[in-house]
Structures are given as C-alpha cells and as structure tokens.
Amino acid sequence: MISSNNNLADIKVVGVGGGGVNAVNRMIEEGLKGVQFVAINTDSQALIFSDADTKLDIGREATRGLGAGANPEVGKTSAEDHKSEIEDALQGSDMVFVTAGEGGGTGTGAAPVVASIAKKMGALTVGVVTRPFKFEGARRTRQAMSGIEELREVCDTLIVIPNDRLMQLGGEELSIVEAFRAADEVLHNGVQGITNLITIPGMINVDFADVRSVMSDAGSALMGIGSARGDDRAMTAAEQAINSPLLESTMEGAKGVLLSIAGGSDLGLHEVNAAASMVEERADEDVNLIFGTIIDDTLGDEIRITIIATGFDAEANMAQAAAQQQPQQEQRKPGSLFDNRQREAAEPVTPAPAQPAAAQPVQDDYSPRHSYEPRAGQDRERYTPERPAEERRPESSGLFTNSDRFSREERRDDYRLSRPSQRRDDDGDDDLDVPSFMR
C-alpha cells in the first residue's frame, strides 16, 4: 500500500523581510494547511515573534541582526552570503511561494535571490508581493519597482498587489494598522486560493500538474477575490473577482486561469458552472481554465472565489483599464455655444464655393443669424440695420390688451412725481385708484 503522503506536493511559503514575515505570521494565524512556512529576515528581533517552521537570520554578519536599513543591496548581499542555508530550507520543494513587501531593504533585495535559488532547484516558483503605499515615499516606490523587475525575471509567475488599491476597499475610516493588516490578508488569500486547490479535497479536484500547466513560466499574473451571499451569489462573487479593485489590468485575453470556488455543503454544480462560464467569457477563446471547489461549512451560505489569470498582454490591458477609468468627455448638444469649435477640431472646414454677385449669400456658421447683424467684411459704421416692422396689436378691449397702456403710464408718472398730500379725489378722500404698492 502506497502512503498518501508520498503523493502530496511539497509546498513551501517563504516570507522575506518584515512584510513577508508578517504575511507568513498572518497565514499561520488563519490556519493555512498543507504547506510549510519559512521566515527569512535580517532583523533578528522580528524572527523571534514568528511561528514559522524554519527561521533564517541572514543578517548575523552584515547587519548584526539589526535589519537592512531599507537598503536593498544589504538585503541582497545578506541572502547571497547565506545561500547554502536557503537551499537547505527549500530542499525537496515542488512549489515555492516567495512573499515580500517591496520597497524596503530585505524584502526588495533578498526576495529575488530566494526565488532564483528555488527555481534553479526545480520548484514552481510564484512571487506574491505588495507594492508600497504612496505615502511611504518616492524612494521606497522606486526601490519597489526595481525589485519587482528583478523578481519577475526569476519567477515562474509574479503577482503584484498595489497597496494603494486597498484604500478603495477600506474607505476613509481605514487606519494605518488596518491597511497593513489588509495587505497581509490579501497575500494570505492569494497563497491560500492556489494551495487549497492542491491540498484540500473538493467536489472538483485539481492536482499539482494542473496548477503547473497554468503557472509555469507564465510571467505576470493577476489575482482577483470576490465573495457573496444570497441569491445569485456565485455570479456576484465571480463579477467581484473579475472587477476586483486589486487589479491594475484586465484579464481580457488570459490564456491561463486558475479558478478557486469555496463554499459550504450546499454549493451547487450549477453555481460552479455559472461562475466558470463568466470567467471563461473574459479570457482567451483557447484558455486553459483550471477550476476546483473547496467545501468549507464554516463559510455558511457565503461563496468565495479567487481568480489567478496568466498569459495576457499586461501593457495593453493596463492601458485599456486606464482608459476605461477616465471619465468620458461630455457630449455637447447641437446648437450649443461650442458647436463651431468642436466641429473645427473634429474635421477641417471646407470653404464654400464662390457664388455669383447677384446670388443670395449662403447661410453658414459665420453668417449673421439676425437681419440686423452686419455681414463679414461689411462696414459696421455705414450699415443701417434692417429691423422687421412691428406688428400692430389688435384693437381690442380684452383683458390682456394694452390699448390704454400709455395713458396708464402717464398717470403712473404723475403719481410718482406728486406728493402724497396732493393725490386726492374731488371728495377729499385718498385716491383709491392708486395701486397699493404705490401708496
């Protein structure tokens, strides 16, 4: 009889630097199963509080265990000096997750070294890193971008999570402690969404070979997470994952997709089919879609969906996503003040053909819109406007006619100029014919 343990993939999650070790601690607290944890840091004190299976202090000589001081070169040198220890910790791994917070010293400098060692040892190497918040400074951002590019060259698949996007999830009340905890939670969800497909039996199982077929030498990858309850929960969760605020690009045209659907015992096959169909519509027509389900009764009626998409044109999709976020230009109605300027900018104006002298001028955008306006080139001083003849008002004594308008105006002027004591009737009483507002 063959032991089942011999058929399980050996998966290790390596946290590098302060952010990576914090993420590993978070995964341990959340009870992530089926993996081994490795914590690597140049800060000895941070390692003391970690519950990882293996802890490597790579800063004993270079930093005396005091950290890299936000210098990636120190982190890189420290990792290279302890290369043999890192190899021993990764020995026998089928899959290695390298998680780090980019922008600092150890995570930025040492993570590419760890990933390179893992890949050379034959492990499927997946980087899951965060990009720093904007408020952490321009220097940290530059270092993060440089570290991400180095990591991309040595990983099979790299998932980059922009921390600034987390603000869209937390709202204005999000504290800085909650923000960094949310970043750790996203790293945890990304690793868990992949490892659970391999390590936890479900209604639809996925083996390690399936995962490797999607993520081997895939380059950049996108990760989206969604959850929902109630009616149409599967479709709602899938839509959230596809349009996740964590995505800087779209998954349009993805050639490889890992789809993890977690739910309780009531998770229906039709729900899985609906969610998978929605994801398939957004991907390439020949997409390699690997999906599996995880039964977790602790979720109640909640469904959680995690999508890992690979094999797409990252630059084109990022440009498309950025264009969709820009507000559409306001469409002006015909006849507005900006019609001429808008038309001139859209297409060149073709001059009208010359007309005979006796012919009536063609009405165009530059012709006067009223008969009393001077035409182009006409002497404004010698021009006598032709005003239309006034219409005679009907002589009627109707309620709304103004036949006695001038007589009433003259009387009103007399009342304004006269003193109140002079405005009396023959009988000496106040003139009651004067309107109340003029008394």
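The backbone N, Cα and C atoms fix where each Cβ goes, and this holds for glycine too.
Listed features, source TrEMBL:
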- 10-202: domain 'Tubulin/FtsZ GTPase' (DOMAIN)
- G18, G19, G20, V21, N22, G105, T106, G107, E136, R140, D184: GTP binding site (BINDING)
- 204-321: domain 'Tubulin/FtsZ 2-layer sandwich' (DOMAIN)
- 343-439: region 'Disordered' (REGION)
- 366-395: compositional bias 'Basic and acidic residues' (COMPBIAS)
- 405-426: compositional bias 'Basic and acidic residues' (COMPBIAS)
Can you give me the average pLDDT across the domain 'Tubulin/FtsZ GTPase' (10-202), rounded to a whole number?
91
Determine the most Cβ-crowded residue among the binding-site residues E136, D184, using a 10 Å radius around each Cβ and all protein chains in the structure.
D184
Binding-site residues compared (G18, G20) - highest count of Cβ atoms within 10 Å:
G20
With DSSP assignments reduced to helix, strand and coil, which class does G20 (GTP binding site) get?
helix
Residues with Cβ closer than 8 Å to the Cβ of T106 (GTP binding site), same chain and 6+ apart in sequence?
V16, G17, G18, I40, N41, T42, D43, I58, G59, G67, A68, V74, G75, S78, A100
Using a Cβ cut-off under 8 Å and a sequence separation of 6 or more, which residues in the same chain sit near N22 (GTP binding site)?
G15, G101, F180, D184
Could you give me three numbers for the domain 'Tubulin/FtsZ 2-layer sandwich' (204-321), the DSSP helix, strand and coil residue counts?
43 helix, 34 strand, 41 coil
